[in-house]
Amino acid sequence: MMTEPNSLHFENVRVRIAPSPSGFLHIGTARTALFNWLFAKKHNGSFILRFEDTDRERSKKEFEYNIREGLEWLGITWDEEYRQSERPAVYQTYLEKLLSGGWIYRCPHRIEQSNTPHICPFRDQDETEEGIFRFKNNEKKTITFNDMVRGAVSFNPKDLGDFSIAVDFSRPLFIFAGVVDDKEMHISHVIRGEDHLSNTPKQILVGRALGFPEPKWAHIPLILEKNRSKLSKRDGATSILDYREMGYLPNALLNFMALMGWHPLDDTKEIISPKELIAEFSVERIQKGGAVFNIDKLNWMNKQYINNLTDKETAQLFIPHLMNAGLIKPEIKNIQFPAAYGGYTPTETYVAKDGKSVRLDYIIQIAALEKPRIEKLSDITVFGDFFFCKPQYDLELLSWKGVQPLEDIRRKLDITINLLDKLENKNFTKNELEGALIPIAEKEGKGELLWPLRAALSGKKASPGPFEIMEILGKETTIERLKEAKKRLLEHVEKI
């Protein structure tokens, strides 16, 4: 692995992710959490999860649970956890300090609803006991700080106005509460999205007024659409857990997120394990420009991770998706899912949608066959549903190239059924089936014989080969499906 000659090392690193539990954990927040976590791990520091839940109306426990579960699924663990709602006395103490020092005043106007700087006419009048708390911005000098991603960043203090920091003593706002928490929790580096860049000069002023040490700042680029517009929640999935439901692997998503806005020393390397990410991570290699969300790249990357699974691991990860699609259900209740899906262990025996009993070994065979075709684990419910239920298809599908006469299809199915019926169950293997059918197919026409066979078994235009399918389905189910296709053909002819 390549090493970075001038990579900085930091002591006593403490970083945090501070989501508001007013919505689901989306990919932007998850990537910010990942960068903080990697930075902490790289420098043997601490990673803190802090819920900024002072908005009583919007904060919900269900969102908090979603955030925690999403981070846990990704493998992003935290060392400490806090909730701002549990710390009102801390904020009141610092608000009183600012008030007694003349740094804030009460304003009867509403919290700013626009980017226009607010200068309240009441700022220099006698103290009032009503209204929100505003910071009295008397700064004259340009506010400049060094951003670890962007370099020197400057703001004109006149553009800030007198900004609000609390609704009242019991309801601090983000600008103020975050500064207090970062100091109280000894946060050394604030690594967050560039959408917070404009908040930084305000927080610097509040911190200076309170005599706090200033943390180091790093503002990472936003995640963008292919057309360079800001990523919408619809296009980036509503929740990180949606990616789990869609069949993405956590390490694949970690890998993908890490490369959105950051690159390793060897920028041709695309598959990087969490351990390698920790070893290589450097804030200096986070890009300034927006990072494009490319779903095709994520699908490709997920496929590489799936390909590296064993067939058994793949089968176990298929199970939750097969269950969600109603294709199987456990014979034993209290089913537990595998670790990559949610931290559980699967059972061994299931009932398929067609009522037949299937074991894990059966699903492992399917995994071995279908794995090369899938990009997401949930693809198995589309590509391989016919292994668990009778296929549904139009009779036209049975016709080779769409021109094979119905009578010829029926005759070819008859030939196949008669031949398969003579094989013993122990000889119902891919090699034996090929040996028995290929000579007949060469005589009758490969497409004309094998296409109706495959279509009757799978009900699909695209599927694995018929010999592989028959070996997994077994003799009884195979002949059953061929007879069903023949029956449908006869019924159709009678109606003509």
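We number each residue from 1, going along the chain as drawn.
The backbone N, Cα and C atoms fix where each Cβ goes, and this holds for glycine too.
Just so you know, TrEMBL annotations are computer predictions that nobody has curated.
TrEMBL lists LYS233 with the feature ATP binding site. Under the heading domain 'Glutamyl/glutaminyl-tRNA synthetase class Ib catalytic', TrEMBL lists 12-113, 126-300. Summarising the annotation, TrEMBL assigns domain 'Aminoacyl-tRNA synthetase class I anticodon-binding' to 359-485. The motif ''HIGH' region' feature in TrEMBL is assigned to 19-29. Taken from TrEMBL, the feature motif ''KMSKS' region' applies to 230-234.
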Quiz item: DSSP helix, strand and coil counts for the domain 'Glutamyl/glutaminyl-tRNA synthetase class Ib catalytic' (12-113)?
Solution: 46 helix, 18 strand, 38 coil
Self-check item: Distant-in-sequence neighbours of the motif ''HIGH' region' (19-29), which means Cβ under 8 A and at least six residues beyond its ends
Solution: 51-53, 55, 58-61, 63-64, 66-67, 70-71, 193, 222-223, 231, 233, 236-241, 243, 257, 293
Quiz item: What average pLDDT does the predicted model assign to the domain 'Glutamyl/glutaminyl-tRNA synthetase class Ib catalytic' (126-300)?
Solution: 93
Quiz item: Reported in the order helix, strand, coil, what are the DSSP residue counts of the domain 'Aminoacyl-tRNA synthetase class I anticodon-binding' (359-485)?
Solution: 97 helix, 1 strand, 29 coil
